[in-house]
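Visitor: My questions will all concern the structure given below.
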């Protein structure tokens, strides 16, 4: 990339900083949840809404981000994304109640939803095609470093300053990024088709209401009548979208996608699989601090092996899938992740703390193999005219399923805890034991979906698809 103009290299740095801010925020909050609960006077069982509000907002807003960038311009939207994310961070740091913090996280999520996809679009527009892969590798590297630094940095800030600083550190970076975006980034626009606003609103309503209904009485304290109303609104919104999209060439997501069996299996497996995977990054630091008495910094350090395992596995996952095929890899990794989550729990309760980093490293490896395999399985057989729509739908489903996973994890803690988390250690351990047993069952269930992947889904299509997309 050294032969690129200096202005383009600066633009790539701006995108890279955006990726770093967004990825750091996905992991830095988890370690701070128990401290936030104590500061805000809330039960730790209710703090999952801080994560759910952000991830669910990202899922809802993702379908609109690419269209907005093409219509309004990548510079304008990227600048807006950074400003919203930074303002949301400031409001998070100033929040004095859980409700205020959740609302600030929603604002942060709107910015985060636009930052990464618009950043990818920017790279596509400013870099020659033959250097696109090298440029994307450069800008996504900080996005891989963010999850690695997040847990430990969050633990340090909570232990030696306060939880407010996990949000305040975004502000100087955001200000510099916003100014640099205005000064250095070109405002590319494209001719766009009409945005499917009706479909977008129906899907957004369906996702938001059903996820909130899942939290229900335990987390939100709503009455059974309101709960039934949320479920009814959510189901009606999704059914109306199906009716709206049927035969509609301008639908947000074409129903023709689901005529492809591989896509349907991959998307269903990705949705179910990421529900289970989404529970673990939330539950692990909470269990380490509340269940085992780890400090926030120590709990954050324990999360690093999981990220390292994930990064290491990404280097060999293509060879593994090519050797064993999608079905074997996905079924084995799904059941393996359930087993490893139980191994982590029993090792921790037995006091074998020296084993935990190795178990978390293995968990990260298995998770990475699942994610990469699920992504390629879902998209690899789509025709070119549906590839973009399928990729957008997969991105939305990934975020939605993660928010549902965190919601279910919080629901399980509340169900087994019954507000008794402050009792003796044996009772607390029992609460987490039952929660992890339930989580392991949920994690294992997608193996039933992946077992239906046919044998003729050839392993060599992974590399063939990669070469085709990179040519």
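Cβ coordinates come from backbone N, Cα and C, glycine included.
Note that this is a predicted model, so its numbers are computed, not measured.
So Swiss-Prot lists these for the protein:
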TRANSMEM  12-32  transmembrane segment
TRANSMEM  49-69  transmembrane segment
TRANSMEM  102-124  transmembrane segment
TRANSMEM  138-158  transmembrane segment
TRANSMEM  165-185  transmembrane segment
TRANSMEM  195-215  transmembrane segment
TRANSMEM  220-240  transmembrane segment
TRANSMEM  263-283  transmembrane segment
TRANSMEM  286-306  transmembrane segment
TRANSMEM  329-351  transmembrane segment
TRANSMEM  393-413  transmembrane segment
TRANSMEM  431-451  transmembrane segment
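Let's see these features in context: how buried, what's close, how far.
Guide: Same-chain residues lying 6+ beyond the ends of the transmembrane segment (12-32) with a Cβ under 8 Å from its Cβ atoms: 1, 4, 50-51, 54, 78, 81-82, 85, 108, 112, 115-116, 119, 122-123, 126-127, 135, 138-147, 149-151, 153-155, 157-158, 163, 166, 170, 173-174, 176-177, 180-181, 184-185, 281-282, 284-286, 289, 296, 299-300, 303, 307.
Beyond the ends of the transmembrane segment (49-69), by six or more residues, the same chain brings 25, 29-30, 33, 36, 77-78, 98, 101-103, 105-106, 108-110, 112-114, 117-118, 121-122, 192, 195, 200, 203-204, 207-208, 211, 215, 219, 252-253, 278, 282, 392, 395-400, 402-403, 406-407, 410 to within a C-beta distance below 8 angstroms of the stretch.
Outside the transmembrane segment (102-124) by six or more residues, the chain places 11-12, 15, 18-19, 21-22, 25, 49-50, 53-62, 65-66, 68-70, 74, 77-78, 80-89, 91-92, 94-95, 132, 135-136, 139, 143, 185, 188, 395 with a CB less than 8 A from a CB of the stretch.
Under 8 Å from some Cβ of the transmembrane segment (220-240) lie the Cβ atoms of residues 202-203, 205-210, 212-213, all in the same chain and six or more residues away from its ends.
Tertiary neighbourhood of the transmembrane segment (263-283): same-chain residues 27, 30, 33, 48, 51, 55, 257, 303, 306, 330, 334, 337-338, 341, 363, 367, 370-371, 374-375, 377-379, 381-382, 390, 393-394, 397-398, 400-406, 408-410, 413, 435-436, 439, 442-446, 449-450, 452-453, selected by CB-CB distance under 8 Å and a gap of 6+ residues from either end.
Long-range neighbours of the transmembrane segment (286-306) within the same chain, counting only residues 6 or more positions beyond its ends whose Cβ lies under 8 Å from a Cβ of the stretch, are 27, 30-35, 44, 148, 150-156, 158-160, 345, 348, 353, 356-358, 360-361, 363-364, 367, 413, 421, 428-429, 432, 436.
Sequence-distant contacts of the transmembrane segment (329-351), counting only residues of its own chain at least 6 positions beyond either end whose CB sits under 8 Å from a CB of the stretch, comprise 269, 273, 276-277, 280, 284, 287-288, 291-292, 320-321, 359-360, 362-363, 366-367, 369-370, 373-374, 377, 429, 432-433, 436-437, 439-441, 443-444, 446-447, 450-451, 453.
Note on the transmembrane segment (393-413): residues 44-49, 51-52, 55-56, 58-59, 62-63, 117, 203, 207, 211, 214-216, 218-219, 253, 257, 267, 270-279, 282-283, 286, 375, 378-379, 431-432, 434-435, 438-439, 442 of its chain, located 6 or more positions outside it, place their CB under 8 angstroms from a CB of the stretch.
Residues 265, 268-269, 272-273, 275-277, 279-280, 283, 287, 291, 326-327, 330-331, 334-335, 337-339, 341-342, 344-345, 349, 408-409, 412-413, 416-417, 420-421 of the same chain, all 6+ positions outside the transmembrane segment (431-451), place their C-beta atoms under 8 angstroms from a C-beta of that stretch.
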Visitor: Do any residues of this chain, six or more beyond the ends of the transmembrane segment (165-185), have a C-beta under 8 angstroms from a C-beta of it, and if so which?
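Guide: Counting only partners 6 or more residues beyond its ends, the transmembrane segment (165-185) has Cβ contacts under 8 Å with 7, 10-11, 13-14, 17-18, 20-21, 25, 28-29, 32, 74-75, 78-79, 82-83, 85-86, 89-90, 92-93, 122, 153-154, 157-158.
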Visitor: Is the transmembrane segment (195-215) packed against any residues at least 6 beyond its ends, judged by a Cβ distance under 8 Å, and which are they?
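Guide: Sequence-distant neighbours of the transmembrane segment (195-215): 49, 52, 56, 59-60, 63-64, 67, 71, 227, 230-231, 233-235, 237-238, 240-241, 244-245, 248, 250-253, 396, 400, 403-404, 407-408, 410-411.
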